[in-house]
Amino acid sequence: MELLIKNARIIDAIQDFKGDIYIKDGVINEIAKEINKDNVEVLNCEEKILMPAFIDTHAHFRDPGLTWKEDLESGSKAALKGGYTGVCLMANTKPICSSKEVVQYVRDKSKELDLIDIHQCISVTQNFDGKTLDHLNEFKDDNKVKAISDDGVGVSNSNIMLEAMKIAKENNWVLMSHAESPEFSKSDMRIAENMMTIRDVELAKLSGAHVHMCHVSTKEALKCIIAAKNEGANITLEVTPHHIGLTKEINDYRVNPPIREKEDVEEIIKAIKMGNIDTIGTDHAPHTLEEKSKGSPGMVGLETAFPICYTKLVRENGVSLNELSKLMSLNPAKLLGMNKGKISIGVDADLVLIDIDKKIKVDSNEFISKGRNTPFEGMEYYGEVLATIKSGKIKYKK
């Protein structure tokens, strides 16, 4: 399989130049100002932006068990439309991803679909019971496991969480933390996030584990995590497009953690500009409109993530496309141990072609995802994905 990409403006975390890319057997084989090959498929980019495809550190595909909301196929196709070729899926499926059988189902289905790379998280505690860690022993020799997560139901017992972090460190896993204190989750969601953030940061320092703080949304939580990172703690920090693109004043849409105040958004953007944020994760969480009307928290995000982040960060706040590529591609690839996220010879040929000058209007009826739950309906942003390439194959084309 060969593909020649011509006339691209090539951008990744450290590069920005015009050139061509030759792909062979799924990897980048040659990069130059001009490349000519006979009898190969050619994609003419017409000087549009070509970046490493995005990798989502945080998504929910609802499969198995909740597939009226989303499934592995619809979620993967939505990812491709959004420019993503890799996702890390949370464990709150039905049954919960606490057993080899459930994890193998996801892997087998993903391989059968052959659309994107899917990393399935294991639940921190067995079936989210908050206390049992024995199931983690099943995965100690499974080198495909990259992360364990409590997203959906946090681990309230600090001793259990510390032990889980120690197990994660022993196995070179990332522990993904959904910081929400159950004592405050019904009364004050700001305190709920801040209190659990403080705890998990302290446990991360104590255990030495790599702890990934998911969907950080308050200025206080940011300050706590950044201080620990500066002290050398092995912590990575994730924010979402909706916590960048919305404030409570614009749309107090129900997500968890909630849409925050203007000053929180300003602090997130400031932290991005200072290089203190590691990844942007969508927290793609599809629900039916009926479920949303009854208060289910969450929103779809894969198909809108890039235009929101590009518009809010690059066009409005002066963040470079290089930095955005770092947040959406390079750092997520490093986090998940993937040979992707940059444009260099020998790297997997996962790429996205984008028209950054094209204005789009969010229309949920055009989503490939089964979910239509978005607070961005009717809003306009810049940046349209024209094509997504996975292992040298064009998997999505506008």
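In case you wondered, yes, glycine gets a Cβ from its N, Cα and C as well.
If you take the C-beta of D283 (active site) and look for same-chain residues 6 or more apart in sequence within under 8 angstroms, you find H58, A59, H60, C214, H215, T240, H242, V255, G298, M299, G301. Look at Swiss-Prot and you will find D283 tagged as active site, backed by sequence analysis.
For D151 (Zn(2+) 1 binding site), applying a Cβ distance below 8 Å and a minimum sequence separation of six or more within one chain yields H58, M90, A91, N92, C121, M176, H178, C214. The Zn(2+) 1 binding site annotation in Swiss-Prot covers H58, H60, D151, D283.
Annotated substrate binding site per Swiss-Prot: H60, F61, R62, N92, N256, H287, P297, G298, in sequence order. N92 (substrate binding site) falls within neither a helix nor a strand when secondary structure is assigned with DSSP, and so counts as coil.
Annotation source Swiss-Prot lists Zn(2+) 2 binding site at D151, H178, H215, citing sequence analysis. There are 24 other CB atoms within 10 A of the CB of H178 (Zn(2+) 2 binding site), with all protein chains counted.
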Q: For H58 (Zn(2+) 1 binding site), name the DSSP secondary structure in the helix/strand/coil scheme.
A: strand
Q.
Other than D151, H178, H215 themselves, what residues in this chain have Cβ atoms within 8 Å of the centroid of the Zn(2+) 2 site's Cβ atoms?
A. H58, M90, S149, D150, G152, M176, S177, A179, E180, C214, N256, D283
Q) Long-range same-chain neighbours of P297 (substrate binding site), Cβ under 8 Å, sequence gap at least 6? A) R254, V255, N256, A285
